[in-house]
Amino acid sequence: MAATEDHSTTEAQSPAYYVTTPIYYVNDRPHLGHAYTTVAGDVLTRWHRQRGEKVWYLTGTDEHGQKIMRTAEANGVTPQEWCDKLVEEAWKPLWQHLDIANDDFIRTTQKRHTDRVQEFVQDLHDKGEIYKGGYEGPYCVGCEEYKLPGELLPGATEDEKLCPVHKRPVEWLEEENYFFRLSAYGTRLLEHYAANPDFIQPASARNEVLRFVEQDLKDLSISRSTFNWGVPLPWDEKHVLYVWVDALQNYITAAGYGSDPERFAELWPASVHLVGKDILRFHAVIWPAMLMAAGLPLPKRVVANGWLMVGGEKMSKSNLTGIAPTDLTSHFGVDAYRYYFLRAIPFGTDGSFSWEDFTARYTSELANDFGNLASRVAAMVGKYYEGSLPAATAAGDAEQAVVDGLKKAVEEADRKIGEELDFAGGIAAIFEFIKLVNGYLSEQEPWKVAKDTSPEGQARLATILYTSAEALRASAVLLNPLMPATAEKLWVSLGAEESLGALAAQTIATVADWGRLPAGATVTKGDILFPRLEEKPSA
Ligand code: MSP
């Protein structure tokens, strides 16, 4: 085997925190499921930016293969025209709309990708990792994957078999193909999983992969010769590269592999590949084996998210509820959308969306607990101090409880969101803190204290309002990765921009340092953060 010893990897430290999403097929428009993974990656990278780290967030589109070719044909355009249209009219605009701060957008039809892909496979070919052979078997164009006969479902007739994911008939393919010697990598993969227990997350995903690799791995067919929408194999141009082998390489081609060694050294190995659980094997088995064969370091983590479900089935292009991401954002707003899916579904497990649940969380958590707190505090600073934040001169145990609560929330949120990718848990920790501040305000009753005109009474009023505003200052920083537009509004309304500078420049390391917001800051009421919802649009 030509691969050398230098593949090992998780010890390798790239200086940047590099996060990727799957690159999505552009046979259709993005749906809630795609947006789910992309928002998660955005929150993760924004969190690390808020830590002051160097971060790189990559997303993009997977544009080759039979599925896209057929869609283009059905629409009477070339595959390239189809991809260009969908990318520019559907995919990029949605990510912009959802406030996704990706640093790069890779398309597999770009020359910067295809040239490098050809070099990569040529290298594997030269090393004897690729050989010519024949293959026949059931193929699902929806998955772009050969299926094992045992996993198929019965179809309408005796001869018909269905893909277990798409519930559509598979096709029987017989081809002369090139193969990658995947079977040679089983032991090394298992060694890698054992030495790096965090490589595949969550545990259920890791177990699934272990079980799969513990059986004998088969060599992988990596070329197709019955159609030509793909990257030609450099040594045999009658074949195009199997779309998955082409697509997986986006993570390195976008990072400067073979074109910009400095950038590549900075970005690779990736810190986290975010993937849906449906494409786990490609990322946790095939991709690492390809990297080993090429002598490149492996990504540090592959983290699988669960599926958004509709009526017990994976939400997909063929199984939509008819709800597009923009149907939800136009009703709830972009930030509530970013919040809802990550808050409601523990990352890694399947979850269902419902209008009722979204509405309930919007109203109780976002509008009542958080939005109201912000507007009440701003209103009282306006009413009692003409919008100039007073100093806290009479802090006691109740205030200390808020200070302590903040420390705990920061520690928990940082660990859960930044390290464990437990978004629901991290968001819950931040909202626990917001609840605590609400409780503090209700107990302290500043509206009553305001009637006490003694110096003690006035000092208490100032202290209560300062404490609440300072807690909101910290909340804005903690919520910035999740709900950037809302956090920014709050930041501005607290007068924090003038005194502390840009919200993006605040770091997680200093967010719990109590007293950062200076007395005298100009607090204004600003827009309501989460306005009352209109009636649910009728279907
Ligand atoms: N093009 C491949 C990925 C290549 S990566 C080198 C692909 N594309 S896809 O358009 O089908 O999108 C797959 C990803 O979208 C899933 O892995 C997942 O991250 C996301 N989701 C698609 N449907 C989803 C749900 N119903 N629920 C959650 N995520 C879903 O596969």
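The backbone N, Cα and C atoms fix where each Cβ goes, and this holds for glycine too.
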Annotated stretch (motif ''HIGH' region', per TrEMBL) among the listed ranges 24-34, 156-166, 409-419:
24-34
Which range, 9-13, 114-118, 314-318, 329-333, does TrEMBL list as motif ''KMSKS' region'?
314-318
List the other residues in this chain whose Cβ sits within 8 Å of the Cβ centroid of the Zn(2+) site residues Cys140, Cys143, Cys163, His166, in sequence order.
Val141, Gly142, Glu145, Lys147, Pro164, Val165, Arg168, Val170
Number of helical, extended and coil residues in the motif ''HIGH' region' (24-34), per DSSP:
3 helix, 2 strand, 6 coil
